[in-house]
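What Swiss-Prot annotates here:
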type: REGION; residues: 1-264; note: region 'Amidoligase domain'
type: BINDING; residues: Ser13, Lys185, Thr186, Lys187, Pro188, Leu189, Gln190, Lys221; note: UTP binding site
type: BINDING; residues: Ser13, Asp146, Tyr147, Glu148, Lys185, Thr186, Lys187, Pro188, Leu189, Gln190, Lys221; note: CTP binding site
type: BINDING; residues: Gly14, Val15, Gly16, Lys17, Gly18, Val19, Asp71; note: ATP binding site
type: BINDING; residues: Tyr54, Gly351, Phe379, Gly380, Met381, Gln382, Glu402, Arg459; note: L-glutamine binding site
type: BINDING; residues: Asp71, Glu139; note: Mg(2+) binding site
type: DOMAIN; residues: 289-530; note: domain 'Glutamine amidotransferase type-1'
type: ACT_SITE; residues: Cys378; note: active site, nucleophile
type: ACT_SITE; residues: His504; note: active site
type: ACT_SITE; residues: Glu506; note: active site
Amino acid sequence: MPKLIIVTGGVMSGVGKGVVVASIGRILRARGLSVNAVKIDPYINVDAGTMNPYAHGEVFVTYDGGETDLDLGHYERFLDVELSKRNNITSGQIYLTVIEKERRGEYLGQTVQLIPHVTDEIKRRIVEASGGYDVTLVEIGGTVGDYEQLPFLEAARQLGLELGEDVVFIHVAWVPLLKITGEFKTKPLQHSVAELRRYGIQPDAVVVRSEKPIDANSIKKIALFAHVPQWAIFNSYDVDTIYRVPLILEQQGLGDFLTRRLRLPSRSPEYRDWEEFLSKLSAPKYRISVGMCGKYVELPDAYLSIVEALKHAGAALDARPELVWINSVEVEKNPDILRKLDLDAIVVLPGFGKRGTEGMIECIRHARMEKIPFLGICFGMQLAVVEFARNVLGLKGANSTELDPETPHPVVHLAPEQREVDVLGGSMILGNREVEIVPGTLAASLYGVSVITERHRHRYEVNLSYLPKFTEAGLVVSGWRRDIKRVEIIELPGHPYFIATQFHPEFKSRPAKPRPVFLGLLKAALFAKR
């Protein structure tokens, strides 16, 4: 039988429930258990692929091409696993599947209803995802009381009834600190637990999210009104880095509680590598100023995995990347702002659409001309090709056909397999692809192997008809798609560090396993500083 830890949220969203879930996973992994994690998003979208990054943040791409919630990135980084697209369940997926089954006659003439048909489909997916694992974490997105959560809470209630002692319910809720009196206000949490109990779910444990460590009297009050023992109330307060949360919850006894409650093997947790990473992350010797140029920089969560990948690489080098967010629209208005920033490295970020792209191209030109270590990712690589075509080859008006369909020099164009696609969602080049590294290149020295596997999310590619001109002018293609001829990595010899990738290296970065292109960027920046 599967063992499930079902996590709900109360009071308000966006308080770090996903980090708490990932931390629980890390705690169990430290005991040698195999752990899976599922994120439920109650929105009607089938997946996150078409959602506005300002509203939703980053779209995290799984190895099998799922466009998922950014919490799956937290899960992968904390658990050091690769998750599937089946690990992100949405209302859209559930309703679509139920309707398709009804159209095929699979319900044999029944009146299809929320209960049992929708809830059965939810349960089926959760149980299916839990197969082969010691424990599966299930995070129900949103806040208890949201209308769209109801079928998922009902499915969770039914699973608790059907699986009994093999299900643990944990409720995560924010407790605000009233600064005028210095008092924690537990009433909103009490109400959220009361609301959860209305749906037939009594939490076995509560994780209190708070700005500062919560006091003993507040814990007593929560225990009384939430009907949870004091020893099953834990506190995830604000800390300098999210990677410290597993150790805080471990010290409070959450690991031992879950081991007892789910009758799991009792083993001493092993955190040696995690603690070593934390010590380097928290007290670095060096600082590196990294310019992050993109069009969604007002919401850094739109680039969350890149931010984390830079942290991982920095910790490996005993350095802290200090991120300078550069709005490419502002660069278009005033390119001179780049000179005033005194950057040690520049990353040009992924994106879509025309807005702000000339500012991104200017950032690339600045990095190339001023010999500043540079990394371009996905759209950033395509724009690096455009910049080189315009300013080195002298191809006036060179562009991507995504940005200018009438460009006289389409150095980046729609990939052949995308030209007949007329559906927006789930139709890009997605997921893992193998990339062959060209020997004797910067990419070869970074990766140290001839073939790598990286995750993708794009529609456009470098136009190979311009390749002879690029090669003659000194641009090197150092990585190719293995199954078809497609440019995956470009670089500029003679520059301290200038490399760009069509793939997204950030999605496979882990705290103890930073990705080579991020390591190389920060190494080059450190070398230049010295």
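Cβ atoms are placed via backbone N, Cα and C, with glycine included.
When Cα-Cα distances from Leu189 (UTP binding site) are compared across the recorded positions Lys17, Gly18, Cys378, Gln382, Glu506, the shortest belongs to Lys17. With the fewest other C-beta atoms within 10 Å around its C-beta, Glu402 stands out among the recorded positions Glu139, Glu402, Glu506. The average pLDDT computed for the region 'Amidoligase domain' (1-264) is 95. Glu402 (L-glutamine binding site) sits 13 Å from the residue listed as 'active site, nucleophile', taking the Cα positions as reference. Of all the binding-site residues listed (Tyr54, Tyr147, Phe379), Tyr147 has the fewest other CB atoms within 10 A of its CB. Between the C-alpha atoms of Tyr54 (L-glutamine binding site) and His504 (active site), the distance comes to 20 Å.
Proximity to Cys378 (active site, nucleophile), defined by a C-alpha to C-alpha distance within 10 angstroms, is shown by the following binding-site residues from Asp71, Glu139, Lys221, Gly351: Gly351. Cβ-based crowding with a 10 Å cutoff singles out Gln382 as the top-ranked of the binding-site residues Ser13, Thr186, Gln190, Gln382. Summarising the UTP site geometry, the residues cited as binding it (Ser13, Lys185, Thr186, Lys187, Pro188, Leu189, Gln190, Lys221) extend over a maximum Cα to Cα distance of 23 Å.
Residues within less than 8 Å, Cβ to Cβ, of Gly351 (L-glutamine binding site) and separated from it by at least 6 positions along the same chain comprise Gly294, Lys295, Tyr296, Thr357, Met360, Phe379. Less than 8 angstroms from the CB of Gly380 (L-glutamine binding site) sit Val347, Val348, Leu349, Pro350, Met360, Ile364, Ala500, each of them six or more residues away in the same chain.
Glu139 (Mg(2+) binding site) has its Cα within 10 Å of the Cα of these recorded positions: Lys17, Gly18, taken from Lys17, Gly18, Glu506.
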